[in-house]
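As written in Swiss-Prot, here are the features:
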TRANSMEM  17-37  transmembrane segment
TRANSMEM  71-91  transmembrane segment
TRANSMEM  117-137  transmembrane segment
TRANSMEM  141-161  transmembrane segment
TRANSMEM  184-204  transmembrane segment
TRANSMEM  212-232  transmembrane segment
TRANSMEM  268-288  transmembrane segment
TRANSMEM  310-330  transmembrane segment
TRANSMEM  366-386  transmembrane segment
TRANSMEM  388-408  transmembrane segment
Amino acid sequence: MGQNFSKKSGNDLVSRIVFTILILIVCRFGSFIPIPGIDSIALSSVAEKNQSGILGMFNMLSGGSLGRMSIFALAIMPYITASIIIQLMSVAYKPLENLKKEGEVGKRKVNQLSRYLTVLLASFQAYGVAISLESIVTNTGPVVILAGFFFRVTTVITLVVGTMLLMWLGEQITQRGIGNGTSLIIFIGIISGVPSAIISMFELSRKGALSPLIALAVCIGVVVLIAIIIFFEKAQRKLLVQYPKRQVGNKIYGGEATHMPLKLNTSGVIPPIFASSILLFPATLANFSNSNSETMGMLTYYLGHGKPVYILLYVALIMFFSFFYTAIVFNSEETANNLRKYGAYIPGKRPGKNTSDYFDYILTRLTVIGGIYLSVICVIPELLMNKYVISLSLGGTSFLIVVNVVLDTMTQIQTYLFSSKYEGLMKKVKLKN
């Protein structure tokens, strides 16, 4: 009986993994279907010109969909942005915060709000893309074959439907597959660009444009970078939590001590993504609109990759968003109240405000270290990419996302296997009884 259960749970895990892989293949297939009315030759020259801007970063996150202007050009970014906005609003807007506390029903309503906001954001972004494409004229001609109202409408509908389809596919992976669907879609997009980035680097080395020693150093650096990211992402501060003893009849229960883990990098990959988006927007706007404005020219120059102003602002924004997002993810006051509700306490700290202040003190120190770690991981590859023409797919932000998704998926697989074994053990105990 135990063997049959183990075999059944193993087959279930395999079916989940196969389902996830099939959905990701569909996502990759869709990234090669272009939107109607685009001159692919003219578009490719524009994509090459904007490889280092925010366009390049979003193109990397979308697995090249934006550069090819496919139906998945907006990727799943509008959904992520909408989810973050709803999360921010739930902190500032009391009715939304109360809605989140209503259990499964409240969660479904919040998710529905995220979907509505996704449609709105995707519509605005799609219209902006359509207008921008119509304004671009290259040496080979305009990017849009037949500009006008019909092109704008079809582009908006196509891109919004593409984003919503990706969102739905991501939800299917989360529910019926393994891992977080949204993260895995971004993950597969980044991974798809790594082989071409490596081939391009060795091609430059073969032609003499890049030293073979530098190419080898980059490969070794990537391995070291991954090891550093794994170390810091797994690092955590464990706080001792004590539960009081309870007497029921003649027996005494409880009194055990557990640990509350606080991650060193609580904010994850959000700070670098937000910081890059803000800093690279002016340069990308100038490239997209073919603007010759002196102000735009200065912004493009000073906010270019590797420039001192860019690096300083980049680090400052990463630190800011590290603190900002950590405050959203971990609510010290709410956690302290929950501990008090269950009778738990931190040894040496009074329940309530004293415990909340202690959490803030620990989190502040952890966030400073986490922010410095994110800054170093993102800035050093940034400087190298600026000097040695290396693809964004080999940058710090991309590896942060990839490593985080792999670690999260592996944890889910381990949890699934452990829970399956536990259920099998409980069934054996019931049969014996």
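Note: Cβ is positioned from N, Cα and C throughout, glycine not excepted.
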Chain residues outside the transmembrane segment (71-91) and at least six past its termini with a C-beta under 8 angstroms from it: 27, 30-31, 33-35, 58, 61-63, 65, 97, 99-100, 110, 113-115, 117-118, 120-122, 125-126, 129, 158-163, 165-167, 170, 182, 185-186, 189, 270, 328
Most Cβ pairs under 8 Å with the transmembrane segment (184-204), selected from 17-37, 117-137, 141-161, 212-232, 310-330: 17-37
Beyond the flanks of the transmembrane segment (141-161) by 6 or more, those residues with Cβ under 8 Å of it: 35-39, 42-43, 46, 71, 73-74, 119, 122-123, 125-127, 129-131, 133-134
